[in-house]
Amino acid sequence: MPSAFQFQCHFVLIFLAASKGETRYLEVRDAGEDEPFLLLSEDLKRELSAGQIYRRSLRCIDMLSIEGQFTFTAEQPQLHCATFFIGEPEELLTIDYDFVNIDCQGGDFLKVFDGWILKGEKFPSSLDYPLPTSQRYVDFCETGNVQRSIRSSQNVAMIFFRIHQPGNGFTVTVKKNTNLFPCNVISQTPSGRFTMVIPHQHRNCSFSIIYPVVIKISDLILGHLNGLFVKKPIAGCAGVGDFVELLGGTGLDPSKMFPLADLCHSFRGSAQMKIGCDNTVLRMVSSGKHINRVTFEYHQLDLQETENKKENTIEEFCFPSI
């Protein structure tokens with residue numbers, strides 16, 4: 001199997017490793033080929049009439065991109081389970097516990113993670129999240145009825161769970177809420193167009209595309225304040241508080257990816273790049289002093305495009321992995 005597609009397969013061939021009950025948080029490791037999976041696809045999206053609630057059972061390993069009520073009931077001991085939730089880029093997710101019947105004293109757990117964690121790598125990166133990894137988990141066995149509703153900080157979230165006793169389980173309701181200024185995003189599709197705006201906020205935002213892509217930036221405004229453009233140093237982005245970087249790699253965590261290009265000057269026009277990596281990330285770093293904005297579009301890269309160069313195409317990367 002070509003390595004460029006290995007990362008996509010990791011999302012559907014997932015095996016979750018859990019240590020003993022005293023651990024504070026979990027991570028994900030490699031999977032066996034017989035693990036149950038559900039592809040992240042348009043088939044998950046269904047047109048529902050107004051007021052109708054979509055309901056279905058959860059698998060031990062599952063992925064969902066739709067609102068609804070979801071129930072897991074163990075038919076046998078299930079020790080390494082997780083469900084990945086994803087919304088549109090401009091959405092946040094709320095997970096409500098409707099019913100929980102697990103044996104916390106017997107080693108069961110049910111934890112919500114703010115973001116995704118896979119093979120030990122996190123999104124958003126620890127560098128772009130204000131709390132340490134252990135505080136990104138909400139453990140039902142620790143909070144009980146105190147916190148029955150958890151909202152994500154971006155368009156992805158997940159739950160980890162372990163249930164020993166057949167017949168035990170839980171029901172959750174997942175809702176989507178509008179996010180006026182989306183920051184960290186994982187794209188559901190291999191093509192699209194997006195505008196990222198950071199309005200006077202000291203934060204870093206990443207847009208992750210889990211495909212080899214052609215990405216074209218058509219508009220970049222950095223240091224925009226009261227209608228004026230703040231001049232930037234001529235040489236490179238070193239020491240600049242506001243810039244955009246393009247990253248490529250084979251994992252989920254932007255902080256562990258290879259830097260491909262830095263953009264620290266505002267421009268209007270077109271700058272295109274072909275990135276043949278398994279995962280492509282556009283990351284904006286903002287000092288909070290200005291209004292920063294970048295508009296870009298992307299589509300999945302095919303082999304024929306690797307042979308066609310354009311004048312506005314920056315150096316190509318990662319093509320041996322295709």
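From the backbone N, Cα and C atoms, a Cβ is placed for every residue, glycine too.
All TrEMBL annotations are machine predictions without curation.
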Query raised in the report: Of C60, C141, which cysteine does TrEMBL list as the disulfide partner of C104?
Result: C141
Report task. Among the disulfide-bonded residues C141, C183, C237, C277, C318, point out the residue whose Cβ has the most other Cβ atoms within 10 Å, with all shown protein chains included in the count. Result -> C277
Report task. Please name which of the disulfide-bonded residues listed here, C81, C141, C205, C237, C264, is nearest in space to C277 (disulfide bond), Cα against Cα. Result -> C205
Query raised in the report: Averaged over the domain 'Corticotropin-releasing factor binding protein N-terminal' (52-177), what pLDDT does the prediction give?
Result: 93
